[in-house]
Amino acid sequence: MKKFERLISAIVPLNIENIDTDQIIPARFLKATTREGFGENLFRDWRYNGDNTPKPDFVLNDPTYNGQILVAGKNFGCGSSREHAAWAIQDAGFDVVISSFFADIFKGNALNNGLLPIQVSDDFLSAIYTAVSKNHKAQLDVDLENQTVTIKDTGEKADFEINAYKKSCLINGYDDIDFILNQKHLIEEFEQAK
Amino acid sequence: MSKTLVEKIWDAHVVKSEPGFPDILYIDTHLIHEVTSPQAFDGLRKRGLPVFRPQQTVATADHNVPTIDQLLPIKEELSRYQVDMLTKNCAEFGIELYGLGHPFQGIVHVIGPELGITLPGKTMVCGDSHTSTHGAFGAIAFGIGTSQVEQVFATQCLLQQKPKTMKIEVNGTLGKGVSAKDIILYIISKISAAGGTGYFIEYAGSAIEALSMEARMTICNMSIEMGARGGLIAPDQTTFDYVKGREFAPAGAEWDKALSYWKTLYSDADAKFDSVLTFKAEDIAPMITYGTNPGMGMGIQENIPSTTSQPDKEQLSYQKALDYMGFEDDSSLIGKPVDYVFIGSCTNSRIEDLREVAEFVKGKQKAENVTVWIVPGSKQVEQQAKNEGLDRIFEQAGFQLREPGCSACLGMNEDKIPAGKYCVSTSNRNFEGRQGPDARTLLVSPLTAAAAAVTGRITDVREMLTEA
């Protein structure tokens, strides 16, 4: 897994609530058998018309916005457990997703792939949108070590929560399987005792 | 110390619990299908690992499969490739596969229970969010992502934070024409599509206890639609009667041993839940969704809530949803013409659902303007429907009884709803494009779907029941 420590970047604002994984990556694009290439179809039906021409008013088609941080409304990633949603977001060049609320499975999937989901308050989310409406290139400073996110233009700063174990996985670039495999003897003991 | 049911099952499966780390949770059964497994098998190959406990893993093909001419090669190249990959991977790693043509094939969440693989007290996972279905038996069952599928392959365990617990009680007696699907759509409409996030939900109360196993599965299935990790119901005599005698259920002395353990699986009277909600069965009408998430539902006689009644920050998204559906604020859906009726999916494709629909449509005809697809959840359900003569009832009504699979629940196989068309559906999700690009989905119970099939319009099924 890729290591994550700190990111300073502009954002792509997607101010919509309840964005489900069927929007992030529609089911008909889940047929690949590798993890790569899903970025092309990220938000497919919002991004393209039926004849594959880009919809000019969708933010991902607007060259004004090109950061590595996706900012979206409440309850992001609800619906299916498809990890392809996290892969698609990463494959499209994002390293961080910010929302005021994440669906559980999506959050887990993101963390397992080194994509950092950051939950902030509704007010801080609004502050990000305000900053971006004033300056399209407004940047955020995401500091995982100190668990803070700062709007560079205004200096407004928010703390965010992350499980200590998951934080160390991200910073060190290792995953759950490495962790559990080191304790395989305990699993065998557990099975014996059952 | 008193414990909730979730805590009892959880604690019995913790391999290691250490402060500051998630628990290592032992998984009894891992269900897999073709969509979320290939990258996990690939991961094992890269790490040079076998599947740690292949005999605790069961595979089926369901998402990509066609529901007509199922034994011919799958037309769509990528779908065929994904199903072929599953076959190859299962052979290479020693996993039992109920693939196309096998008498046990079907939707992963339908076959687990009917084969007696799903049992009280188990921990079960699958790379599919509707794994919560299996909680109906008093099991901890939840959906996982592909990295976690790989984790379970490699270790038969998962790193998991112990979830918070919520109790949802539904007491009283359901009205005529109101079923389990209406209960769960009602609850989601009350607490929203995010109202259960972070929780494991235990459903209880007299209205839940009175439900059949099929109906309980419908309730637990949709727990994920309010964001919950899973849902479960304490096992009781209804559960034991359902499980007994099934293909892989314990038998003889093993049965007695299992039964005595299962009888300890309930929340202690003074167990503490992190949240408790109570609903009355009498308040629940046949439900229908009008929007693009399952929380946007209402009693079928109600009007669509106005945009201005929504919180300020949510109005934009709310209006976007109504625009997608082609619906207006404050309007009724009653009498609105529909194009498709889909009865199927892991929510409502079990034999009881098909029986209920057949009983209602017996001697009736579908309306000319609708296409009706009935898709059984498994080969066994399909066979049972034929044995009981339900196929002839459906045929006479002009309904198509198709072969088992996920079908029009998710627009991944050949069964898609065309753009702009309205589909009254017993499936679990009404997300934009879920049943095909620009398709419009209205979630309902099988009975309400059957009423729409017969009238060609959105209909309050209760009015048709009174006439009969």
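Placement of Cβ uses the backbone N, Cα and C atoms for every residue, glycine included.
Taken from TrEMBL, the feature [4Fe-4S] cluster binding site applies to B:Cys346, B:Cys406, B:Cys409. Around the Cβ of B:Cys409 ([4Fe-4S] cluster binding site), a 10 Å sphere holds 30 further Cβ atoms from the protein chains shown.
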DSSP three-state call for B:Cys406 ([4Fe-4S] cluster binding site): helix, strand or coil?
coil
Name the residue among the binding-site residues B:Cys346, B:Cys406 whose Cβ has the smallest number of other Cβ atoms within 10 Å.
B:Cys346
B:Cys346 ([4Fe-4S] cluster binding site) in three-state DSSP notation
coil
Additional residues surrounding [4Fe-4S] cluster, by Cβ distance to the B:Cys346, B:Cys406, B:Cys409 centre under 8 Å:
B:Asp62, B:His63, B:Ile107, B:His130, B:Gly344, B:Ser345, B:Thr347, B:Ser349, B:Gly405, B:Ser407, B:Leu410, B:Ser427, B:Asn428
